[in-house]
Structure formats: C-alpha cells, structure tokens
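**Student:** Would you mind keeping the following structure in view while I ask a few things?
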C-alpha cells in the first residue's frame with residue numbers, strides 16, 4: 001500500500017500535468033480576437049472577395065491584377081476576414097502590389113470554444129503550404145514576381161513556402177510554430193517582425209533565427225522588434241483600432257508602421273520587371289520612339 005508521501009507526490013504530479021495542459025490549451029494566438037461585426041463597407045475596403053482560385057481557394061484580393069509584383073498573405077488563426085488585416089492588405093496593394101489573402105482555413109476559424117491542439121491537427125500550415133502550390137504556380141505563370149507573408153499560423157505557412165522556388169521573398173509577423181531549423185531551409189530573403197512580449201515566439205527565439213541565418217551567409221535577412229513595434233503576439237491584425245475604443249493610440253501607430261515595414265520588405269527584395277504591366281501605354285510608346293530614333297541614327301552613321 002502506498003505511503004502518504006507517495007500519494008502526495010502522485011497528486012502533485014497530476015496537478016502539475018493538469019496545469020501544463022491548461023497552459024498549453026491557452027495560447028496568445030487566441031488573445032484579442034477581431035471584431036467580426038465590423039463590415040467591409042465601414043472600413044472602406046478597396047478589395048473584393050473572389051472564388052474558385054487555383055487550388056479551390058477563395059480569397060480577399062486588392063490592387064491591380066496587372067501588377068508584375070504579387071504578394072500572398074496568410075492570415076492568423078482568426079482567418080482572412082479580420083478587419084485590420086484587410087486594411088493592411090489595402091495599404092500594401094496601394095504601394096503597387098497585387099495582394100491575395102486566401103482563406104486557407106476554409107471558414108473554420110479558431111475561437112476559445114475549440115480545442116487548440118485538435119484544431120491545429122485539422123489545419124496544418126505545412127499542408128496548407130502544399131495545397132497552395134497551384135495558386136503560386138498560377139501567379140508565376142502570369143509573369144509576376146511573387147512574395148509571401150504571414151501572421152501567427154500564417155507565418156509557419158509562409159516559411160514553408162519560403163523553402164521552395166515558388167516565391168522570391170518572405171515576411172513573417174509574430175509567427176507561430178516557426179523554429180530555428182526552419183531558417184536552415186529558407187531559400188529567399190526573409191524579414192522577421194517580432195513582438196516584445198510574445199510568448200509564442202519570444203525575442204530569444206527570434207535571436208536563434210537570426211543566428212542561423214547569419215551563419216548561413218547566403219540568405220539576406222532583417223529582424224525588426226523595435227520598442228515602438230508590437231508588444232503582443234497578434235497585436236497587428238487582431239484588432240480594428242479606428243473602431244475599437246479599447247484600442248490605444250500606440251496600436252494605431254503599430255498598424256501603420258507595420259504596413260510600411262511589410263512594404264519596405266517587399267520593395268527591398270521582390271524583383272521589379274523592366275516592363276511593368278502597370279506601365280501606361282504613353283510611356284511604352286515614348287520608349288519605343290526613342291529606341292527607334294537611336295537605332296536609325298546609329299544605322300545612318302554607317303551609310
């Protein structure tokens with residue numbers, strides 16, 4: 001028969017396991033969910049939702065489809081309908097990009113009523129990255145230079161895509177489940193936007209990412225975790241600051257700074273085509289005229 005000390009030890013182990021399970025069940029990924037009662041018209045969304053994209057996906061798209069530069073953004077666990085996410089998308093699109101935000105989660109977004117572990121098993125970002133290949137292939141077939149970015153859950157998807165030849169640049173914002181080992185396989189320039197008080201991917205883990213990338217030499221990278229940046233995991237896309245009274249002015253500034261950071265990342269590393277599809281017909285005609293004049297003047301010089 002077990003002694004009282006053994007019983008107490010066993011009970012302590014059970015309580016510790018229960019506490020660990022509870023801690024694991026809660027994640028910063030679930031903090032500050034977006035207000036889904038806010039509609040696109042209230043935010044003056046510039047884009048639209050399209051259906052039947054390659055891979056059977058629907059998506060929020062913004063920007064000129066004729067642009068030679070495309071960005072695929074992967075949402076966090078709350079999905080592609082988050083109001084602030086769409087505002088960020090519109091800002092990036094305004095900078096000259098065609099931006100696609102697929103509904104990788106297919107309407108099954110995470111909330112506090114669902115088991116986090118079970119939900120993740122049903123929504124593997126690694127599998128989602130594989131399923132997205134037809135979309136990336138279609139964008140490349142159109143002659144576009146393609147980049148990928150992601151938030152939280154979407155950060156893991158993005159880093160998986162960054163291991164392939166499907167894109168030319170990667171941007172991670174407070175990623176979830178990304179490891180230093182992932183950095184050993186990334187093939188393209190990568191930007192890592194961390195949060196100061198992120199327990200999901202804390203600054204120390206981001207430093208490990210940087211260490212691996214620095215040792216590799218061949219992959220350009222940047223890390224941003226400035227003091228004026230986001231302080232919490234998911235802070236950038238899980239709220240709608242201009243409509244949420246509880247949201248502070250610094251958060252509004254963070255969203256603006258973040259849009260600029262994402263644009264800066266892609267402007268730095270995503271190649272521009274010489275003849276951009278957005279070039280005006282007048283510019284093209286003028287260019288052809290001057291090239292022709294140069295050619296004929298060169299020809300007549302030898303006649």
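Placement of Cβ uses the backbone N, Cα and C atoms for every residue, glycine included.
Take a look at what Swiss-Prot says about it:
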SIGNAL    1-43  signal peptide
CARBOHYD  115  N-linked glycosylation site
CARBOHYD  197  N-linked glycosylation site
CARBOHYD  257  N-linked glycosylation site
**Student:** So if I draw a 10 Å sphere around the Cβ of residue 115 (N-linked glycosylation site), how many other Cβ atoms end up inside it?
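**Tutor:** Taking all protein chains shown, residue 115 (N-linked glycosylation site) has 11 Cβ neighbours within 10 Å.
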**Student:** In angstrom units, rounded to an integer, how far apart are the Cα atoms of residue 197 (N-linked glycosylation site) and residue 115 (N-linked glycosylation site)?
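**Tutor:** Pair distance, Cα basis, whole Å: 24 Å.
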**Student:** If you draw a 10 Å sphere on the Cβ of residue 197 (N-linked glycosylation site), how many other Cβ atoms land inside?
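**Tutor:** Here the count is 12.
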